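**Q** Just passing along the structure, written as structure tokens.
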Amino acid sequence: MGNGKVYATVVLIRLIYAGMHILTKASFNEGTSTTVFVFYRHAVAAIFLLPFAFIEIRKKPAPPLNFKLTAKIFAHAFYGMAGTINLYCIGLKYASATSSSAIFNIVPVVAFILAVMFRMETLKLRSVHGLAKASGILLCVGGVIVLALYEGPELKSMNHHQLLQHHASAAAAHAHSKEEWALGIFLMTTSVVIWSFWTVKQGPLLLEYPSKLLNTTLQCLFASIQSFVIALVLERDFSRWKLAGAVSLASVLFTGIVVAAISYYLQIWVIEKKGPVFLSMSMPLSLVFTMAIASFVLGEDVSLGSIIGSVLLVAGLYNVLWGKSREEKQAAGGGAGGEDGDMERNAAAVQPADGETETEEEEKEGDCRDVDAAAKV
């Protein structure tokens with residue numbers, strides 16, 4: 001029964017993220033400015049989280065904040081939330097909800113690559129798990145390239161009466177050139193790479209400022225201010241600051257509250273029960289849900305290139321996760337020699353100076369992945 005609850009929760013989380021991709025795309029199809037949308041998203045998330053942050057402060061005094069730490073949190077909010085989400089939304093405007101969901105599958109892979117660069121992980125190509133990780137990285141790169149450069153024949157949507165867009169906007173949504181599509185894929189991929197770097201750096205930040213709720217709230221608050229300035233610079237026409245319609249309003253509220261709050265705690269709960277790898281392995285479900293729902297709700301046609309690229313991305317994700325899982329099992333079952341010695345070096349590289357336990361590190365890793373829910377589109 002307990003496992004059933006975990007599986008049902010994972011499905012709900014992936015449905016929430018599918019709804020995020022679809023509603024965000026629908027709001028852009030409706031005519032909402034991407035920069036204004038990002039500002040409203042962060043503002044709603046910050047306003048929603050502030051009361052919970054005050055309750056947290058009343059129960060337990062907040063950790064002290066000096067100028068250096070405040071500036072560091074401000075910088076993390078800028079590149080990891082305001083900047084990357086603006087890039088992502090511009091890319092989504094030029095591409096599709098399905099491609100957006102597909103690209104999300106590279107987040108754990110990019111995070112692994114960055115962890116290798118920061119010497120938090122190792123990549124030993126002479127081992128089976130090392131080859132699996134390397135092949136996963138190559139598959140993900142290939143998937144992104146196929147998504148961007150190959151279209152192929154289209155599988156037409158069976159629904160010709162879209163629920164979330166007018167016929168005029170639907171025609172506009174399919175009118176993007178190949179160059180615009182490739183630009184959209186490039187911007188979304190860049191956004192995911194930057195955001196993956198942000199998730200990796202959340203670990204050290206949480207060691208300096210351990211309150212997860214206050215950390216998230218502060219970053220959302222700073223990101224809303226930064227997004228306001230970005231929108232003010234890029235969107236000079238103030239008539240565009242009005243949300244284009246009911247779908248845009250629903251998208252802002254859904255992604256600002258449901259994704260920022262509900263899915264955040266749901267993901268923490270799943271990680272406590274099954275661990276972060278289990279949650280990562282469920283990511284392709286969002287792609288399946290998005291592809292199916294977008295076809296009926298947005299009337300999106302799925303191209304052969306999108307399907308092939310998505311399959312490569314999912315295969316790459318599972319290769320990396322399988323390699324990591326095999327590496328951990330060998331480390332748990334063997335001695336200190338050979339591949340197991342490599343894992344001991346990994347543990348030493350990840351181990352914080354204050355003696356944080358492995359369990360705490362796992363929780364921190366899960367928290368870093370979940371802080372996304374307070375900000376990501």
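Backbone N, Cα and C define each Cβ position, glycine as well.
Automatic prediction, not curation, is the source of TrEMBL annotations.
Feature list, courtesy of TrEMBL:
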COMPBIAS  366-377  compositional bias 'Basic and acidic residues'
DOMAIN    8-147  domain 'EamA'
DOMAIN    183-320  domain 'EamA'
REGION    330-377  region 'Disordered'
TRANSMEM  7-24  transmembrane segment
TRANSMEM  36-55  transmembrane segment
TRANSMEM  76-95  transmembrane segment
TRANSMEM  101-118  transmembrane segment
TRANSMEM  130-150  transmembrane segment
TRANSMEM  181-200  transmembrane segment
TRANSMEM  246-266  transmembrane segment
TRANSMEM  278-298  transmembrane segment
TRANSMEM  304-322  transmembrane segment
**Q** Given a Cβ distance threshold of under 8 angstroms, which distant residues of the chain, six or more beyond its ends, lie next to the transmembrane segment (76-95)?
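**A** Residues 21, 24-25, 28, 34-35, 37-38, 41-42, 176, 180-181, 183-192, 194-195, 197-199, 201-202, 205, 218-220, 222-223, 226-227, 230, 375-377 contact the transmembrane segment (76-95) from elsewhere in the chain.
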**Q** Please work out the helix, strand and coil residue numbers for the domain 'EamA' (183-320) from the DSSP assignment.
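**A** Tallied per class, the domain 'EamA' (183-320) gives 120 helix, 2 strand, 16 coil.
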**Q** Could you give the residue numbers and ranges of same-chain residues that sit at least 6 residues beyond the transmembrane segment (304-322) on either side and whose C-beta is under 8 angstroms from one of its C-beta atoms?
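**A** Distant Cβ neighbours of the transmembrane segment (304-322) are 96, 98-99, 102-103, 105-106, 108-109, 112, 129, 132-133, 135-147, 149-155, 277, 280-281, 283-284, 287, 291.
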**Q** Is the transmembrane segment (181-200) packed against any residues at least 6 beyond its ends, judged by a Cβ distance under 8 Å, and which are they?
**A** 76, 79-81, 83-85, 87-88, 90-95, 99-100, 103-104, 106-107, 110-111, 114-115, 118, 120, 144, 147-149, 151, 368-369, 371-372, 376
**Q** Compare 7-24, 101-118, 130-150, 278-298 by their Cβ pairs under 8 Å to the transmembrane segment (246-266) and return the stretch that comes out on top.
**A** 7-24
**Q** Could you give the mean pLDDT over the domain 'EamA' (183-320), rounded to a whole number?
**A** 87
**Q** Go through the chain and flag residues at least 6 beyond the ends of the transmembrane segment (7-24) whose CB is under 8 A from any CB in it; none is fine as an answer.
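**A** Contacts with the transmembrane segment (7-24): 37, 89, 92, 97-98, 100-101, 104, 164, 247, 250-251, 254-255, 258-259, 262-263, 266-267, 269-270, 278-279, 282-283, 285-286, 289-290, 293-294, 297-298, 376-377.
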